[in-house]
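What TrEMBL says about this protein:
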- Gly218, Tyr356: pyridoxal 5'-phosphate binding site (BINDING)
- Arg298, Tyr302, Glu329, Tyr356: substrate binding site (BINDING)
- 18-354: domain 'Orn/DAP/Arg decarboxylase 2 C-terminal' (DOMAIN)
- 24-266: domain 'Orn/DAP/Arg decarboxylase 2 N-terminal' (DOMAIN)
- Lys49: N6-(pyridoxal phosphate)lysine (MOD_RES)
Amino acid sequence: MDTNLLLNIAQQYGCPVYVYDGNTIENQFQRLQDAFKQVKKLKINYAAKALTNISVLKLLKKKGSGLDTVSIQEVLLGLEAGFSPDDIMFTPNGVSLEEIEEAVQLGVHINIDNLSILEQFGAKHPDIPVCVRINPHVMAGGNSNISVGHIDSKFGISVHQTPHILRIIENTKMKVNGIHMHTGSDILDIEVFLYASEILFETAKQFKNLDFIDFGSGFKVPYKEGDLETDIEELGEKLTVRFNEFCKDYGKNLTLVFEPGKFLVSQAGYFLAKVNVVKQTTSTVFAGVDSGFNHLIRPMFYNSYHHITNISNVNGKQRFYSVVGYICETDTFASNRKIAEISEGDILCFHNAGAYCFSMTSNYNSRFKPAEVLFYNDAVHLIRKRETMADLLQNQIAVNFD
Ligand SMILES: *Cc1c(COP(=O)(O)O)cnc(C)c1O
């Protein structure tokens, strides 16, 4: 996004503020759709948890996206945004049967990821079709925090337990209309993804009433220059061939489903924070901003890299800084990072701040959550107000001890 526009937004709405470029979100959606245009039935369900602002949900709905949700609250947000229940998939992990039944009441599709709930659900509601989440035990990416398909993962029903799933179906007469996998957050190696897909196809053959196969997500986007990204176009070509072959053998045109989060919104986001203080110590120069891990936790939580630029001094001399927050704990956004010379009052821009940034914010240190702004088709929309003291106090009950 244009630097002056970002500066204007920071000036108008104050810092810290999240800014999203709606056209980038649209383009990413279009790119994924184009990569799979040879598939007769394609469904893209945006993974809401990446960024749940209702205006972002509405924008994706307008593009024709469905929604992948992981809590009953996300389901309700999706309905509030105008998604039809038929376009919402509920893919929770470790929730109660009651929460799943609540989702069923709302008319959304459900995806079950353990045998215990599958058996209980099938016994009670044999007529309501469900999708099952399979764990193909394929390790995608290198970081065990974000690879969820491998052997020790809590997600999904092991592919080796397929006979048990089939027995539950036989005993309860329940219907399984889809099978699903979501192997992790970092698919770099398309061959690894295709390998996992083959396992899913093998498994799918054993289910007689499928309407769709859901390949989850895990598309990697670049966070810094030189980063590799998932080659969606190549994946589209290769998976399309295999999917169409599979449908032919299966005797039915199934729907191919994806549920991307990061791919759609990561690069569309910019987080703007103001430099409160520049502090020279014996070892480094700290740039302290008016934010912390309460607003952007990925660097501290996942050791994630977020590119940082000084939009108040774009052509300044490059110097080394440690960018830190104002939280009373260690909250380092970046160490020893080359950034254009920083002065107090400058606005720093954190890139790739669309996915898992605002949605992971908290009120730690009793700070307000930032405002959110959506820039779309040349118009700037405030889509979330900055919090106030009233928000912090809203649900607190003061006991009077006098
Ligand atoms: C989080 C999640 C996604 C989205 O993953 P990204 O890496 O953001 O694309 C998709 N499916 C499920 C089930 C998820 O939990």
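Quick reminder: no glycine exception, Cβ is built from N, Cα and C everywhere.
Keep in mind that TrEMBL annotations are predicted by a computer and have not been checked by a curator.
Small disclaimer: the values here were computed from a predicted structure and weren't measured.
Taking the features listed in TrEMBL, we show where each one sits on the structure.
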| residue | record | CB count, 10 Å |
| --- | --- | --- |
| Lys49 | N6-(pyridoxal phosphate)lysine | 17 |
| Gly218 | pyridoxal 5'-phosphate binding site | 29 |
| Arg298 | substrate binding site | 20 |
| Tyr302 | substrate binding site | 13 |
| Glu329 | substrate binding site | 10 |
| Tyr356 | pyridoxal 5'-phosphate binding site | 23 |
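When the binding-site residues Gly218, Arg298, Glu329 are checked against ligand 1, Gly218 have a Cβ within less than 6 Å of one of its atoms.
Spatially, by CA atoms, the binding-site residues Arg298, Tyr302, Glu329 include one closest to Tyr356 (pyridoxal 5'-phosphate binding site), and that is Arg298. Taking the Cα atom of each, Tyr302 (substrate binding site) and Lys49 (N6-(pyridoxal phosphate)lysine) are about 16 angstrom apart.
Rounded to a whole value, the Cα-Cα separation of Gly218 (pyridoxal 5'-phosphate binding site) and Arg298 (substrate binding site) is 16 Å.
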